[in-house]
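According to Swiss-Prot, the protein carries these features:
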- Asp151: active site, proton donor/acceptor (ACT_SITE)
- Arg118, Arg152, Glu277, Glu278, Arg293, Arg368: substrate binding site (BINDING)
- Cys92-Cys417: disulfide bond (DISULFID)
- Cys124-Cys129: disulfide bond (DISULFID)
- Cys184-Cys231: disulfide bond (DISULFID)
- Cys233-Cys238: disulfide bond (DISULFID)
- Cys279-Cys292: disulfide bond (DISULFID)
- Cys281-Cys290: disulfide bond (DISULFID)
- Cys318-Cys335: disulfide bond (DISULFID)
- Cys421-Cys447: disulfide bond (DISULFID)
- 11-33: region 'Involved in apical transport and lipid raft association' (REGION)
- 36-90: region 'Hypervariable stalk region' (REGION)
- 91-470: region 'Head of neuraminidase' (REGION)
- 1-6: topological domain 'Intravirion' (TOPO_DOM)
- 7-27: transmembrane segment (TRANSMEM)
Amino acid sequence: MNPNQKIITIGSICMAIGIISLILQIGNIISIWVSHSIQTGSQNHTGICNQRIITYENSTWVNQTYVNISNTNVVAGKDTTSMTLAGNSSLCPIRGWAIYSKDNSIRIGSKGDVFVIREPFISCSHLECRTFFLTQGALLNDKHSNGTVKDRSPYRALMSCPIGEAPCPYNSRFESVAWSASACHDGMGWLTIGISGPDDGAVAVLKYNGIITETIKSWRKQILRTQESECVCVNGSCFTIMTDGPSDGPASYRIFKIEKGKITKSIELDAPNSHYEECSCYPDTGTVMCVCRDNWHGSNRPWVSFNQNLDYQIGYICSGVFGDNPRPKDGKGSCDPVNVDGADGIKGFSYRYGNGVWIGRTKSNSSRKGFEMIWDPNGWTDTDSNFLVKQDVVAMTDWSGYSGSFVQHPELTGLDCMRPCFWVELIRGRPREKTTIWTSGSSISFCGVNSDTVNWSWPDGAELPFTIDK
């Protein structure tokens, strides 16, 4: 074979290889296109069945090592359309309280990145329930946790995370700079209220879906403060109560009506012999009921009920089963303030059922320990101390703290009534546990059910002190 023939032969072979390679590439492209078409058709079929594939990601940080666990669940389609929460249902009939959530945040925080918090509370939309809390701008077991017993500082912020999860930087959403706060959902968006600033000039910042819509300046210049639990939304309007003035004497109390973050009406309560702080509010048949803290002179709890026009009634829970802390032994109640051990107090709640009342309270009369729910069938109007049901949820030997109400609307539960629920803060650290340099808390929550429940204790359970405390 002469040189020219060799060149022609080699060229022919190379061309043949090139053609074969081109054919293979075309085949590969066709294969990918067919595969994509099959997948697209499968997804369209899923859509026809009204199902969604939702990926939930739980992220855990241990010793700065990031572990991502992804679980894919096929979930029957849930309507995420915005809707106005009516709030006109009555409370569901209940026989007791079922455990709903427990975040164990102090236990987890001994080794993980968990916020130092206080004043946690829960609020639900028509799609989800979230835990809201006031951070101290610090993590547990870190040097910045020192001195976090202080209530008001520029480092505090309202944040939220999915209910039942320990609040950490990786699952939490910033809501507002605040050392006093409230939040609620009207079916279309979250309203948040965050109060921050100096004691003699604090400002409440209202946000709707994360955008500032309104501000309220302290009108008495004596520590403007709000509920530390959820506000209430009825037919597109949301309602909250704020206090400004002394914590040990008559103060000023205002109810605000808010629509999409804008104040549409407000009134001041005419209640010279009452004291309203840190109110726990809920909707019931289109009206709003708030049960509050009397830090001035009552060991029973004051209440205020109002309609959407802000026409209101006020009073005190009459039962001889007293709900505040400190408080005297149960005995003769009053529909006015019970002055015995009436000074100071703690945030709490009750649910009214006609003349009856479910009273949530610490088990201890004098310290923030234990927690129990008591059903007094005539306690809203009668002054005796007889009750029918007592359910223990935190033992007398374990720390508790603030407590408050929240509800689950029929739009969330599918029930034809408003499900009553409550949360309990489990405070750890200072000022009671002096082996620590910090103050923080975890939380538990319960919801009312018309079925069997149990007496038990669900304490915080963290072993103190932490490494930073030694």
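Using the three backbone atoms N, Cα and C, a Cβ is placed for every residue, glycine included.
With respect to their backbone Cα atoms, Cys129 (disulfide bond) and Arg152 (substrate binding site) stand 27 Å from each other. Taking every pair among Arg118, Arg152, Glu277, Glu278, Arg293, Arg368, the residues recorded as binding substrate, the greatest CA to CA distance is 21 Å. Other Cβ atoms within 10 Å of the Cβ of Cys292 (disulfide bond) number 29 in total over all chains. Annotation for Cys124 (disulfide bond): spatial neighbours Arg130, His185, Phe406, Val407, Gln408, His409, Leu412, criterion Cβ-Cβ under 8 Å with sequence separation of six or more.
Across the fold, the C-alpha of Cys184 (disulfide bond) and the C-alpha of Arg118 (substrate binding site) stand 18 Å from each other. A gap of 31 Å separates the Cα atoms of Arg152 (substrate binding site) and Cys447 (disulfide bond). Taking each of the disulfide-bonded residues Cys281, Cys335 in turn and counting other Cβ atoms within 10 Å of its Cβ gives the largest count for Cys281. Highest Cβ count within 10 Å among the disulfide-bonded residues Cys92, Cys184, Cys238, Cys279: Cys279.
Each of the recorded positions Asp151, Glu277 was scored by how many other Cβ atoms lie within 10 Å of its Cβ, and the smallest score goes to Asp151.
Its Cβ placed at the centre, Cys233 (disulfide bond) has 26 other Cβ atoms within 10 Å.
If you take the C-beta of Arg293 (substrate binding site) and look for same-chain residues 6 or more apart in sequence within under 8 angstroms, you find His275, Tyr276, Glu277, Glu278, Cys279, Arg301, Asp324, Gly345, Ile346, Lys347, Gly348. Taking Cα separation as the measure, Cys417 (disulfide bond) is nearest to Cys233 of the disulfide-bonded residues Cys231, Cys233, Cys290. Taking the Cβ of Cys231 (disulfide bond) as centre and 10 Å as the limit, one finds 25 other Cβ atoms among all the protein chains shown.
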